[in-house]
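Enquirer: Please see the structure below; I have some questions.
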Amino acid sequence: MQNEEDACLEAGYCLGTTLSSWRLHFMEEQSQSTMLMGIGIGALLTLAFVGITFFFVYRRVRRLRRAEPTPQYRFRKRDKVMFYGRKIMRKVTTLPHTLVGNTSAPRQRVRKRTKVLSLAKRILRFKKEYPTLQPKEPPPSLLEADLTEFDVKNSHLPSEVLYMLKNVRVLGHFEKPLFLELCKHMVFVQLQEGEHVFQPGEPDISIYVVQDGRLEVCIQDADGTEVVVKEVLPGDSVHSLLSILDVITGHTAPYKTVSARAAVSSTVLWLPAAAFQGVFEKYPETLVRVVQIIMVRLQRVTFLALHNYLGLTTELFNPESQAIPLLSVASVAGRAKRQMSYGPEEQLERSLRPSEFSSSDHGSSCVTVSGPLLKRSCSVPLPSNHGEVDELRQSQGSGSNTSAFQESHEGATSDLGMAYNRARILPHSDEQLGNSLASKSKKSVVAETPSAIFHYSENFRDETGACGKTDAIFRAATKDLLTLMKLDDPSLLDGRVAFLHVPAGTLVSKQGDQDVNILFVVSGMLHVYQQKIDSLEDTCLFLTHPGEMVGQLAVLTGEPLMFTIRANRDCSFLSISKAHFYEIMRKRPDVVLGVAHTVVKRMSSFVRQIDFALDWMEVEAGRAIYRQGDKSDCTYIVLSGRLRSVIRKDDGKKRLAGEYGRGDLVGVVETLTHQARATTVHAVRDSELAKLPAGALTSIKRRYPQVVTRLIHLLGEKILGSLQQGSATGHQLGFNTASSKWDLGNPPGNLSTVAALPASEDVPLTAFALELQHALSAIGPVLLLTSDNIKQRLGSAALDSIHEYRLSSWLGQQEDIHRIVLYQADGTLTPWTQRCIRQADCILIVGLGEQEPAVGELEQMLESTAVRAQKQLILLHKEDGPVPSRTVEWLNMRSWCSGHLHLCCPRRVFSKRSLPKLVEMYTRVFQRPPDRHSDFSRLARMLTGNAIALVLGGGGARGCAQVGILRALAECGVPVDIIGGTSIGAFMGALFAEERSYSQTRIRAKQWAEGMTSMMKTILDLTYPITSMFSGTGFNSSISNIFKDRQIEDLWLPYFAITTDITASAMRVHTDGSLWRYVRASMSLSGYMPPLCDPKDGHLLMDGGYINNLPADVARSMGAKVVIAIDVGSRDETDLTNYGDALSGWWLLWKRWNPLATKVKVLNMAEIQTRLAYVCCVRQLEMVKNSDYCEYLRPPIDSYRTLDFGKFDEICEVGYQHGRTVFDIWVRSGVLEKMLQDQQGTSKRKDCGVFTCPNSSFTDLAEIVSRIEPAKVAAVDDESDYQTEYEEELPAIPKETYADFQSTGIELDSDSEYEPSMLQGPPSLTSPEQSQDSFPWLPNQDDQGPRLEHPS
């Protein structure tokens, strides 16, 4: 049995072995056969390849051996169709321009050919290539200053004559005989190094002009050390206008602390100030103008620099009493004549109490005596609940609406006329002045009515009744006033002096008042206060005692009152109005000497010292103030005109760094840090500057250390302003503006003058100017000037070259009065058109958008001449006309234009009305307030720097909330002047910029959002994910179907889109080019859409949200005052799990799959990459949210995802409700009103201009500024602790009233009278009779003010 089993096992083993060997053998054979088969197939393929190659080579050789026959060309059918199609299009395109006649047959043929043209385009499918904006360098005149400075060698006049002419020009324009008279007194003085020109103790009676060499002006400190405050170079002078005034008035004084010496061997021209006395004797009317200019310089230059910028107040005035003894008043009051300046105060107060005039306890009025003129009146005070009555103005009258003063001697008082213009009054006859006294009754700031009002008359001698005693005191006080004013004719004050008694607490005049009076205190005191800089607190400057004047500086200069006058105790004083004083001055010009001398005596010795250091410069257009790399030795203040700052880069290219307007501080950073000039600054147009040397600034810091705080404040504003400027921030982030025409730096702002020029004869320039004036009137006082009203006001010869100075001076005065002056040029190159261009800060080239973009004659003249003012292209469109198009062609033909705007004009602008009908129509238009949403209001806000920008952020479907916010903006009356955005914000912003209405924007946005929810389109757009998941074809078509072929330049609103340039690693701001392409590029998320190739330079553009998701800083750089930023981006989770130093993916997997484990918040790789991509964006967003110009809004849309486009209506409603709530709060709290107010009119101008020294830090600046020596503590006035707080109610002016649209918006001071008068039309368009009331402060054509006539 065992053997059988073994045999079976052995047999089985043998069988297995046999089968295994068979299997191995089979596999070997199979592999061999497979190998052989492979070798065979390979051999066959090789043979086939060799055979095919041999065949083609053989055929090619045979072809080469054969003689090639002449080819027979033929047109393919599609080529024939293309040829005839192009031929048809050429014919159809030219035919409409050659058709003549208005018959129906030609019109039908035109329509047929148009249909054929469109059909041919569809069949042939031509790809239309739209023109692109050509990048051009700015014109040389824009960024380059004139190379020729004040050239003495090439002049035909001697150098001494040129230098003297340059320096006496500060006193006004002297005619040739007057200047030659002055030149007779010039003396040459040779000085050696170290030799003194003058020293303390010598009489201060001369003007010194350096012809060769250099002088040093020194001020002696209290410890005897001399400080150099000014270096005088050839062409400059050493003088004090206050000292010249002392010589003219006969009160010469010696130098006390000021000296001058020659730093090197020098030649000096010496002109004694007494030479002016001889000129004034021959030309008495010149005296008024020279004194007025000296007073204007004192107020506008000295006080502007020392008070507004350095914060000095009490240091500028002499608190000591300058009163004269009231001898006549003392004799009448029954007291002995005393030598003290403030006279018999108690006796006068008892004699002038209101009870003296009352006949009963109920306050019945005294008998009023009146003759042919109202010579005297007296009254009792009314109860306080009867309201406030302006007794000052009621007693004196303003006379602004009476007829002009007629005088027979033409041309004899031209300087007096200019003085009248600067003082902003209209001359009157004596009778008109007297009659106006009883007719004027106004609301004022005076708390109570005066106890007595008397008008002086030497012919009236009635001392009976209750008013007799006061009448005697009044006449006695008037005699003392005659003594102070140095008048010997009492009749000059006849009917021109008012005697007032005010109780304690009366506010007599307020700081900033325009219509002021000269007050002569008889009893009591008037306290003079001034508001501190950047504070509401008042400080007491000085007290006006009996025998002293106050208010005379503002009357002489015509400038606003620079302090507040208040009676803290019962006070009696004489009052002379501005109009009355100028009537006295017309008869006796030398009256200004006595009045001006009282102003000079009130100035402190410190002001006298600084007057030697301060200079008043006149700079012609194109002249460089300083150049980049020059030594910083002074600071400039712009008084009038405009300056431009240009920086030269290392590669030699120039960039516009900024512009400076009226009141701006220039070069202060380099001066304080003692660094070289960082930029070149030149004059855009003729400008006036105040020059403050660095030495004078150092001397002021030594004497008054509190100035250091003010300087640090100014520097802080400069630095913070530069950081908040969009251009600066953009350059730090790689701001790439290659797509813009050229880098403008800061857009035009702080403009004082704007000129409008027509691009063709068909432009309705008159209607355009009136519409723009109407829109500007909502911002501030505006004046429209044309050649017609200039000739009507100033005479037919006003534009002649002989009267250039007088015209320039008058135009400068209008700039002082108005917020902005609008110049309407003529249709051709006339002298007035040249004057408009010369005076303009910005030039508007007005064209018709429907016309061909041809260059007009005036534009060609602008290109040929070096006009430095920036030019803006304004294209007018009809309301029912086609949308803007072909803007690129307009801009490419005008390289001198730095920007453009499209205006949709009302029908009245294009109406074919005659001039009288046009005037009549606009008279009615000006009775209504302008529409803040109109395009003209948008232009007005952009010209004045008050534009409101709307910035829309990116966030996918959450951006649908922005449509709801647009609805809320429209309902709450918030205008939008500039719009832009990123990603979905760029899309929504483009829709609104194209439509300008919420309803159309919502319809088109919803249409696009519905297309984004299509699953089929999404699937069809999928591609192999090498660059992105989608090809972008479907997304491109969805956007291009919305915007078609629109260009960014053709949008109604200024628009910009933000993209990320991954080729240059920079941010791109797109303001021109194909609209749909740049919107698509701004919406290209990485991984989903491929980058868009920029059609201009081929750079790859991605979603702008990676670098700036809420570009409020870009909108700020485009000129917006306020930026409303709507943030709809997703918020990142910040509460993440702290997992330690290492992280295991298995641990995270366990935490995720285990339902019982605690959930952890750890970012995955995709989230980490996304956050890295948005790091720069988050940083930029925080900067924007913390800026003071940005109003940040974020609707509650966190619950919606990025691709929830199907919830469009729901998200839109969320945005609307949030926006309506926020904007309603703005309306109630006054935020919206503040947005719409002029930034220069609501608050003091802050110097947040261009940061001209970018290489310094704030710490260094503060350290350098604080480097001063100890100084004495300034004496504090004992009266400074008086109560200074007061409340005042300004008169309410009805909005529906409208006085005049040619001088719209004149500021109505708290003490001014508002009497609306309806005119028939603007002075530029009406006869002189119709236009008389539109310039109430200017004399009539027949007046003897600024009227200019030919010498013949």
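Count begins at 1; order follows the chain as displayed.
Placed from the backbone N, Cα and C atoms, the Cβ positions cover glycine too.
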Enquirer: In Swiss-Prot, which of these is labelled phosphoserine: Ser341, Ser364, Ser645, Ser1199?
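Expert: Checked Swiss-Prot: the phosphoserine annotation sits on Ser341.
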Enquirer: Based on the annotations in Swiss-Prot, which residue of Ser491, Ser1280, Ser1317 is described as phosphoserine?
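Expert: When Swiss-Prot is consulted, phosphoserine appears for Ser1280.
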Enquirer: Here the binding-site residues are Lys282, Lys510, Lys532; which one has the lowest number of other Cβ atoms no more than 10 Å from its Cβ?
Expert: Lys282
Enquirer: Need the DSSP three-state call for Lys510 (nucleoside 3',5'-cyclic phosphate 2 binding site) to compare against my parser.
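Expert: Assignment for Lys510 (nucleoside 3',5'-cyclic phosphate 2 binding site) reads coil.
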Enquirer: With Cys218 (nucleoside 3',5'-cyclic phosphate 1 binding site) as the reference Cα, tell me which of the recorded positions Phe499, Leu543, Ser983, Asp1103 is the closest one.
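Expert: With Cα distances computed to Cys218 (nucleoside 3',5'-cyclic phosphate 1 binding site), the winner among Phe499, Leu543, Ser983, Asp1103 is Leu543.
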Enquirer: Rounded to the nearest Å, what's the C-alpha distance separating Ala554 (nucleoside 3',5'-cyclic phosphate 2 binding site) and Ser983 (active site, nucleophile)? Just drop the number here, would you?
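Expert: Ala554 (nucleoside 3',5'-cyclic phosphate 2 binding site) and Ser983 (active site, nucleophile) have their Cα atoms 57 Å apart.
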Enquirer: Would you mind listing, in sequence order, the residues at least six apart from Asp1103 (active site, proton acceptor) in the same chain with a Cβ closer than 8 Å to its Cβ?
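Expert: The answer is Gly954, Thr982, Ser983, Thr1059, Thr1060, Ser1082, Met1083, Ser1084, Leu1085, Ser1086.
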Enquirer: Which secondary structure state does DSSP assign to Lys532 (nucleoside 3',5'-cyclic phosphate 2 binding site), in the simple three-class scheme?
Expert: coil
Enquirer: Consider the binding-site residues Met186, Glu202, Pro234, Gly250 and say which one has the Cα lying nearest the Cα of Phe499 (nucleoside 3',5'-cyclic phosphate 2 binding site).
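Expert: Considering only the listed binding-site residues, the nearest one is Gly250.
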Enquirer: I'd like to know which of these recorded positions, Ser266, Ser983, is least surrounded, judged by other CB atoms within 10 A.
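Expert: Per-residue Cβ counts within 10 Å for the recorded positions Ser266, Ser983 bottom out at Ser266.
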Enquirer: What are the non-local neighbours of Glu202 (nucleoside 3',5'-cyclic phosphate 1 binding site), defined as same-chain residues 6+ apart in sequence with CB under 8 A from its CB?
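Expert: Sequence-distant Cβ neighbours: Pro254, Tyr255.
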Enquirer: Any idea which of the binding-site residues Met186, Cys218, Ala554 has the thinnest Cβ neighbourhood at 10 Å?
Expert: Met186
Enquirer: Drop a 10 Å sphere on every Cβ of the binding-site residues Pro234, Gly250 and tell me which sphere holds the fewest other Cβ atoms.
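Expert: Output over binding-site residues Pro234, Gly250: least Cβ neighbours within 10 Å is Gly250.
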Enquirer: Cβ distance under 8 Å to Ile565 (nucleoside 3',5'-cyclic phosphate 2 binding site), same chain, sequence separation 6 or more: which residues?
Expert: Leu507, Val508, Ser509, Leu519, Leu526, His527, Val528, Tyr529, Thr544, Val550, Gly551
Enquirer: Out of Val521, Leu543, Ile576, which of the binding-site residues is least crowded by other Cβ atoms within 10 Å?
Expert: Leu543
